Amino acid sequence: MLILLPAVDVVDGRAVRLVQGKAGSETEYGSALDAALGWQRDGAEWIHLVDLDAAFGRGSNRELLAEVVGKLDVRVELSGGIRDDDSLAAALATGCARVNLGTAALENPQWCARAIGEHGDKVAVGLDVQIIDGQHRLRGRGWETDGGDLWEVLERLERQGCSRYVVTDVTKDGTLGGPNLDLLGAVADRTDAPVIASGGVSSLDDLRAIATLTGRGVEGAIVGKALYAGRFTLPQALAAVAE
């Protein structure tokens, strides 16, 4: 069954949603802790918790994220600004179930390989993809920089033994424009590691569509704006993927 991960994106201690990851496009939804506890109460088994300040290189919410993880009974995937030994150690020390590496996996392949080697399935890699003139390009640093060709980087990560990928079509994220099923399927077909879908989910039908890819290796879906915007409730979403 498809695992759902409600997203809590944190800016300055508050839960927000961005459009296409752009700073300044935030809509605020209250305290990060309240948001996370709300999803837990609604039946989430995982929370996707993102430090957007750290991702954009403008500070961090490290203490707050540790507090949030500590107060939750469910598993947390922690993301945002994890790009060196110090930030990785701090993220893992929160007690989260796993961390997502983004920019670091693109800019520092040797460090990324070591992190994967040392921490195994506690480390996932985020692949933020933008399709430009038919080419699948990766985006780094809050999607501001080009991180190379998706398929070349995926091949390298496969050699390094990456245990899980979080795949985002950045043109879809926060837009409620529907997920990129072709991209998800293509990545899942090229790896034996599980793939988590991120970006664009707008309806229960979108979740049902992603759920059809579980046989190809798509394990979960991160859901953000659709939940916050009231397109559906988390209990409705959990029921839809269990059908």
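Cβ coordinates come from backbone N, Cα and C, glycine included.
Annotated active site, proton acceptor per Swiss-Prot: D9, in sequence order.
Counting every protein chain shown, 25 other Cβ atoms lie within 10 Å of the Cβ of D128 (active site, proton donor). The active site, proton donor annotation in Swiss-Prot covers D128, and the record cites sequence analysis as its basis.
Of the recorded residues, D9 (active site, proton acceptor) and D128 (active site, proton donor) place their C-alpha atoms 16 Å from one another.
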